[in-house]
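Structure record follows, encoded as structure tokens.
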């Protein structure tokens, strides 16, 4: 997401495109659908006066209530923040589980309820559209009700959606359950990253902000494992348990959200609960709670004033109706990347891998589901790699490598599905198919699954970032729904092998698109990146400096500011055109 957001969490015109603050996979797409909401500090308008809110609405029962901050202990504060982050990340795990569970359960659903292939692909693909709607509602809920209660509401909807789907006795009930679960998915992709970013101390925000991404992919893997483990039960029971298990974690998450998780300090300050914010900071901040509270209060006041004088309508007009040549190129790149990400067919493999493997000649049901588990494991491991390589290797090399690897693996996958199984060794075609699918999933995660979201956030001018990321998210979710709702019909019409040849053609086009249209943004500051898309400018070649050794303390250095160890307010000041940041460092 947050799908969650920048994607995400900062002020719509002042957010920072740091790696840990942007979504990095196609599932996390909806995380960015803020459409101008300010998740970093909350919405400037309240649904009711702060004085009318009851303290028990925002205070965790496990927090000290004597008004005295806890001892300033860095390790203790980080540990408490880690516990809060892990609890919040359960929404990402549950989202991933709901996203992947139908991959193995669909065969049993069809056998038990008589659902047709056409009905099934609509049921599965429509979840992406529902999550888009959910993310919009999540933005409003986070601002009005608070981050903590949004987590609890997300858990409640996950529980209800899973329970309705598992108890369904017909297609209409299945669709109703998936609608509720899809709305919950949109919530989950927004609230977890927002909550974690605001609750984490500066010293550990980078680590904690990466938890939802890993948790979401872990949830997909867990759903594949559950499908594999329960496949041996009677068909009328197995799929209900596969889906019904997804209702158990939300129950405990909802309880934890209301009993153990504190509200975020920024939301508390915005709504007038400064004393409670100080108590939370005393337990989470690795430093002086009063100093952090003052920084947050100042940031809230400035952002509220700025939002009062800005209109999102002007931003949409600038992007879509009267764009400059530079903005037009940026919009083209955003839309192109999102279209090509989903046109690669990643959703087809995520949602229909058992069908693909069965078509390749794997006859055993458990072997098919076991191969799907392997696919999920590769995806979960590979998604971590870009966290360490994106700033070292650059965006273009990773995207080009990703597109090239996807194209090659899809061609091999298509050939393995096209080759007559009867004329090959009993293991050759299935093994080649599974290996090619795993390589595809791994190379996708290395670039197009992760780097796309960071690149989109970087190239957008600050004034357009929230709405621009939201637009890209909408394109991504619509494309995901299009692939999910048409894949079965497509492979029945043109053949399974030809379907993946088509996906391979799109990835070749994606490689050409990246090579010809995407400039490298590594090592450039935001002004230089914006100039790259301006037809009237002639930006200099990418810097060829020694990234490990060069550190400059003047604001004239053309580089990205270092954000490690800084509070959100200090980071925001770095990007303030009127500020003079004291330390700028080239990232290694």
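Every residue, even glycine, has its Cβ placed from backbone N, Cα and C.
Between the listed ranges 42-63, 174-195, 262-283, TrEMBL ties the annotation transmembrane segment to 174-195. As annotated in TrEMBL, transmembrane segment covers the listed stretch 397-419 rather than the other ranges in 397-419, 466-488, 535-557. Residues 330-352 are the range that TrEMBL records as transmembrane segment, among 307-329, 330-352. If you count C-beta pairs under 8 angstroms between the transmembrane segment (330-352) and each of 237-260, 367-390, 425-453, the highest count goes to 425-453. The listed stretches are 207-225, 367-390, 500-518; of these, 500-518 has the most Cβ pairs under 8 Å to the transmembrane segment (397-419).
In this model, the domain 'Major facilitator superfamily (MFS) profile' (84-522) carries an average pLDDT of 85. Counting Cβ pairs closer than 8 Å and at least 6 residues apart in sequence, the transmembrane segment (118-138) and the transmembrane segment (207-225) reach fewer than three and form no contact.
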